[in-house]
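Asker: Annotated domain 'Electron transfer flavoprotein alpha/beta-subunit N-terminal' per TrEMBL: A:3-181, in sequence order. The FAD binding site annotation in TrEMBL covers A:Arg201, A:226-227, A:240-244, A:257-264, A:Asn278.
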Amino acid sequence: MAVLLLAEVTGGELALDATAKAVTAAAALGDVTVLCAGASAADAAAAAAKIDGVARVLCAEDAIYGHRLAEPTAALIVSLAGDYSHIVAPATTDAKNILPRVAALLDVMVITDVTAVVDADTFERPVYAGNAVQTVQSADAVKVLTVRTSTFDAAGDGGSAAVEAIGAAADPGLSAWVEDKLAASDRPELTSAGIVVSGGRGVGSEEDFALIEKLADTLGAAVGASRAAVDSGYAPNDWQVGQTGKVVAPELYIAVGISGAIQHLAGMKDSKIIVAINKDEEAPIFQVADFGLVADLFEAVPALTEKLG
Amino acid sequence: MKVLVPVKRVIDYNVKVRVKADGSGVDLANVKMSMNPFDEIAVEEAIRLKEAGKASEVVAVSIGVKQAQETLRTALAMGADRAVLVVAADDVDTDIEPLAVAKILKAVIDDEAPGLVIAGKQAIDNDMNATGQMLAALLGWSQATFASELDIDGDAARVTREVDGGLQTISVKLPAIVTADLRLNEPRYASLPNIMKAKRKPLDEKTAADLGVDVTPRLTVVKTAEPAERQAGIMVGSVDELVEKLKDAGAV
Ligand SMILES: Cc1cc2nc3c(=O)[nH]c(=O)nc-3n(C[C@H](O)[C@H](O)[C@H](O)COP(=O)(O)OP(=O)(O)OC[C@H]3O[C@@H](n4cnc5c(N)ncnc54)[C@H](O)[C@@H]3O)c2cc1C
Ligand SMILES: Nc1ncnc2c1ncn2[C@@H]1O[C@H](COP(=O)(O)O)[C@@H](O)[C@H]1O
């Protein structure tokens, strides 16, 4: 069996961690061909060729793939699909946008957010904000799936797959990129960080979110947030952890001023060690925390930052 | 321009979901059901477009069991003008897959010819995040998923999308499919007079068979299980104790 894996390429660069984790899931299904598409994708393709378990890399460079618009990228994948039994991608916002479109064009169901590969047709995925895990078996000829990276280990390096340049598919010409507002940050990326410090509504303001960021920087951690913190404008949308935000599973997750709604837990309850700091001892977050501290965050967080500094 | 909004009847987001002991699914008997929260946001956005004079009519569509009428009445009470119910299952435990939902929506759209479809980004029961994208594919339309801002600009829509790295703005040709993310707006509550008025608004009923769509699932749910439970941890008394525990655990 043969797998086509859509690599995560942003601004010409390979998102190595997300792609290498998806390779681990894909390698269980067959020979892995990685597709790198972008306005420039050669560097990404070269990096993908080094991932262990990758058999071949296809590199599609064209301006129409520059911003990963769904319509041209889906058309490209569909043009290649005939050779593959599975089409896989890490469950990033890009792939969540593109792969369901691919599946519908192939008249098959998409299987999103896969957390385990049982066999070539059978997969596990969480439903109801992670309150249940479904095992689903596909009857479709081609399986199109996105995989949740937080549950797969990254494939190592040491591969040396051949890279083949391919041409662009026809551009449906339905949409155009206008602008990106992407925050540049020296912090580790949220979904691959070893430590995540997240703040919730309890932090109270955008200014005070600096307390969370300072603790994160002391630990070399990524910063996360609850939906309430994002909705209130304390933190940007790309920091949201949860059912409908990012799913993280770091070695250490520190939840500060977060009550622990199921929608938040859905995004972090597979973390190795969970710490909760909350002034309400009844807060549900304490039910999943390994270490709980009932305290006012405005005292506890600066003290913790100082002691760990 | 007509705006069509697909709304799904789902278990209320506040309900604690229970997996059935025999692993056949989750318990939906006597459980509070509501409109999918993202679809409330989609309905709100459509109504705002109408209030701003950019949309002429808002049509809500739901697919599933007969009880989805209630969900459609909620959309009508919020301000939608008309509703279409497509009955595709008799049993509340049957979830119609996004591909079949998209095919049904396509059939409705072929008939209604809206200029814009605003769906939710994700149904909070199956957590698929797929229907809008699949519908766009079947229609050959443009798609703008995970929208946090939407402006109609002549024959195009300018949409800001919530993506992993931050925000991306794109311009999509109309007709288009937009899927609503959490920050698009804050949906209104239906007032009592509007709930009364909604009872008299038109609600058409069809079946999947009327539309010629086969809703046989492509995915068989082999089993539904409880997720792994976390062990209860301990409470610490001070920041010092917390630091000590974290050091002992090798976490910092
Ligand atoms: C469709 C849908 C999708 C959703 N998706 C997500 C998602 O992806 N991620 C997500 O997080 N949520 C999501 N939610 C929202 C979720 O239901 C909760 O509303 C949200 O997680 C609450 O955020 P919070 O814990 O920060 O706020 P709150 O629940 O208000 O909790 C704030 C906490 O801070 C504590 N606190 C206050 N002051 C202090 C202080 N000085 N010191 C210490 N503690 C203090 C309080 O005791 C309280 O426990 C979603 C909801 C819906 C309907
Ligand atoms: N049965 C349904 N009836 C109406 N709309 C639906 C249905 N299923 C999905 N949708 C729409 O598609 C969106 C995404 O759902 P999903 O792809 O299942 O996560 C929802 O927010 C709805 O707008």
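The backbone N, Cα and C atoms fix where each Cβ goes, and this holds for glycine too.
Just so you know, TrEMBL annotations are computer predictions that nobody has curated.
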Asker: Quick one: what's DSSP say for A:Gln240 (FAD binding site), helix, strand or coil?
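Answerer: DSSP assigns A:Gln240 (FAD binding site) to strand.
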Asker: Hey, which of our binding-site residues A:Ile258, A:Ala261, A:His264 end up with a Cβ under 8 Å from chain B?
Answerer: none
Asker: In sequence order, what residues of the same chain, 6+ apart, have a Cβ less than 8 Å from the Cβ of A:Ala261 (FAD binding site)?
Answerer: A:Ser226, A:Pro284
Asker: Using a 10 Å radius around each Cβ and counting other Cβ atoms from all shown chains, which of the binding-site residues A:Arg201, A:His264 yields the largest count?
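Answerer: Selected residue: A:His264.
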Asker: Work through the binding-site residues one by one (A:Gln240, A:Gln243) and point out the residue whose CB has the fewest other CB atoms within 10 angstroms.
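Answerer: Minimum Cβ neighbour count within 10 Å, taken over the binding-site residues A:Gln240, A:Gln243, occurs at A:Gln243.
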Asker: Please report the three-state DSSP label of A:His264 (FAD binding site).
Answerer: helix
Asker: Measuring CB to CB from A:Ile258 (FAD binding site), give everything in the same chain under 8 Å that is also at least six residues away in sequence.
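Answerer: Those within reach of A:Ile258 (FAD binding site), by Cβ under 8 Å and sequence separation of 6 or more, are A:Ser198, A:Gly199, A:Gly200, A:Arg201, A:Gly202, A:Ser226, A:His264, A:Ala276, A:Asn278, A:Ala283, A:Ile285.
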